[in-house]
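Pulled from Swiss-Prot:
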- 179, 184-186, 201, 209, 212, 215, 429-432, 499-500, 510, 514, 560, 563, 572-581: substrate binding site (BINDING)
- 237, 239, 268, 269, 392: Ca(2+) binding site (BINDING)
- 179: site 'Critical for catalysis' (SITE)
- 186: site 'Critical for catalysis' (SITE)
- 560: site 'Critical for catalysis' (SITE)
- 578: site 'Critical for catalysis' (SITE)
- 1-11: topological domain 'Cytoplasmic' (TOPO_DOM)
- 29-617: topological domain 'Lumenal' (TOPO_DOM)
- 12-28: transmembrane segment (TRANSMEM)
């Protein structure tokens, strides 16, 4: 210092010391300010601190700040996440009093019955969403966007589809392109003999349910109109110069036979095979890893089978799906799944969804629901044929919607009874107060959706077998429930077509509207003369719908049926998926009927999905 003083005059030395002191004071104040407003990282994004609070925080004593920082970051790491966030700074004059708002736990007494824990922020009280969700029947979840959490709340869980206006009998059926009937857990499998779903909804034994079969057909019909054409890989046509097919790679073990032969009935060559059941069978390498809809033309001369080997996601294990010439529904043993496809002693086409067949087999159970499974096929490895018979046109494709549609249409033609209906061969108990429906009952919803399916099959093929079947299907509409029909009369005035023809009548809304859509499809397709009866039934039904629609409006949602009126019990409120079905149906009807009531109800019922309610007095 003496050396420095000797070399620098006192005025310069004083300036240097003053600058040094000023820098020290500024740095000291900055450190104090930073610590005073320090908050846990996971809470800092939620704090809103205004300029006055920041200023108060900067003036907090350093000892107190150090104590708080040390306590929050070191002493209680678990509590740090649970503690309510503190909003605002500290007031030095108030003995450490927190400025602004803070969360604090508060008891919440619910309806004078029980207490739950909530949180209070000033005058605002927050209840746990786990309680809110159940109490108000609402929905919410935490989702991530760009690394940040966000809570999304919704009043309902079901969506309304945009109506393709106007509706036509040869077009997409409502929003059925989004239906996947075969993957439902109440579908036991797709029958190998019939090619349609077998339901277990009301009985684990399985039964054919006309509504489900019609929906299966209508969904695939609609998908065919809305999806791009499928990719098809041809593996065998038995033609030597077929440029579209893959190179033939058949393996014929000793004792087996395979050859291309002419089939005069088909005017083409086919593959003849002879392979004893005890042999490995003749096999064709496939190796497809993209598509899983297999199709082949088949004719057996003896008992036999066609099997498909699949490499799966289950540790790359091989599973084999066997299509056997018997009537067994489905069986599963170890890694082998069996579907009976019937004798097949005349030429027929077998089309199977290997994904569905694999998963239904692995998930097979003795209960009403198929067991959930994650297994999926990764590769279609090879096809194996045993017995004596013929094969042709072996393909694998992305989809085969029209095959599924015509399987449903053909089933409806084959299984319609002499009264024009499709009897449902399972007992149905709708609820307390209603008599059980014994096996053999008809459903107006089944009749309507079957008609919609058959009309489309007729419009595609111009085959009158489909139109005639649809025309006969109007007969149950004319008979009362107690006469083994589907008609009910509300207040001795309004004709109604019952989804469930119960005693007393139930007046289910969605099933009634489906029955009307079927009648509309038929009257528009059959013409003035043939469609006369369908037109009369449709017009009477539409009059009833317009008169009775207000009975299904609760002011905040819709009602499934009128059991509260018929039985004098609590109303049967429609779940949100049924509520949106009501809206989708009314949207469709609004494109074929100009009555303003349909658009008015659509608008109001849509608003209920967002929490709107009718005005009170």
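Cβ from N, Cα, C; glycine included.
This view paints the features noted in Swiss-Prot onto the structure.
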residue: 179; record: substrate binding site; DSSP (3 states): coil
residue: 186; record: site 'Critical for catalysis'; DSSP (3 states): coil
residue: 201; record: substrate binding site; DSSP (3 states): coil
residue: 237; record: Ca(2+) binding site; DSSP (3 states): coil
residue: 268; record: Ca(2+) binding site; DSSP (3 states): strand
residue: 392; record: Ca(2+) binding site; DSSP (3 states): strand
residue: 429; record: substrate binding site; DSSP (3 states): coil
residue: 560; record: substrate binding site; DSSP (3 states): coil
residue: 574; record: substrate binding site; DSSP (3 states): coil
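A gap of 5 Å separates the Cα atoms of residue 186 (site 'Critical for catalysis') and residue 201 (substrate binding site). Here residue 392 (Ca(2+) binding site) is positioned 47 angstrom away from residue 429 (substrate binding site), judged by their C-alpha atoms. The predicted model assigns the topological domain 'Lumenal' (29-617) a mean pLDDT of 90. When Cα-Cα distances from residue 269 (Ca(2+) binding site) are compared across the binding-site residues 201, 499, 574, the shortest belongs to 201. Around residue 578 (substrate binding site), the same-chain residues six or more apart in sequence whose CB sits under 8 Å from its CB are 510, 558, 560, listed in sequence order. Each of the binding-site residues 239, 392, 499 was assessed for Cβ neighbours inside 10 Å, and the highest tally belongs to 499. Here residue 574 (substrate binding site) is compared against the binding-site residues 237, 239, 268, and the shortest C-alpha distance is to 237. Most other Cβ atoms within 10 A: among the recorded positions 186, 429, that distinction falls to 186. Nearest neighbour of residue 239 (Ca(2+) binding site) by Cα distance, taken over the binding-site residues 179, 201, 499: 179.
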